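Below: one structure, written as structure tokens.
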């Protein structure tokens, strides 16, 4: 059951939950650029304490396409947070005005705290370094829309796998499907041990690789996240590693013809812009699908199936 449910961690959702969400999201695609009065009179409160473009805008557009309204803020500037108001008090006030709340925060556990305080359902729009459940839902939905299925696919995840919360949530979502995951990164940027322990306990098939070119011919999906420059003490070491994980036309010469490339965005330089014009590039479509996916999520939580 989705109605009235909080969305805090990817671990909370089953394959059945995801398949129900995907079915409704596919129906919502017809309304993604129009307006349907399914949630007329409902109010979404957004509390984005961290910068966001795609996540915040897609949630706001999704609510408005459903006929609802949006209040809230992006960044603490100009709010009582600047005066020292606690997160708990901010959530209490937003809860008083809203039927559903979306929060993004730099601290892990912020969304869980909000859910404990608020009477309205709370959706985690990204908190800390490890949780971004709706992005993972979108990622897997995009794969499902492109192939028509998820089971049996080989999925490569490339880049900084330790510090990207999208990677953590994606892995925790993919455990619900029969996939093989190729984790492609420097050894010191592999996912944290807690994540590996979890996917192993769920029986996921996975393997570690130092380079993309050695496995590109096996992959159906390449999911790219940026190498985070700020994690490197030696700039030369960063430049060396960055180049070896960049997606270029040359890297793709041995790829399957039906390979798709995904990226949670924003992109820096980890995908060559020449790749944008190829059939492999699905990251902008992926971003666009964020609206119907989040329309479905909001609708199921507020109205039920």
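Cβ coordinates come from backbone N, Cα and C, glycine included.
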Recorded carbamoyl phosphate site member, picked from 11, 15, 92, 104, that accompanies 54, 55, 132, 135, 265, 266 in Swiss-Prot: 104
Candidate nearest residue 165 (L-aspartate binding site) in space, where candidates are the binding-site residues 54, 55, 104, 135, 266 and distance is Cα-Cα: 135
Any further residue of that chain within 8 Å (Cβ to the Cβ centroid of 54, 55, 104, 132, 135, 265, 266) of the recorded carbamoyl phosphate site: 52, 53, 125, 126, 166, 264
Most distant Cα pair in Å, residues 54, 55, 104, 132, 135, 265, 266 binding carbamoyl phosphate: 16
Secondary-structure category, per DSSP, in which residue 135 (carbamoyl phosphate binding site) falls: helix
C-beta crowding around residue 135 (carbamoyl phosphate binding site), within 10 angstroms: 26
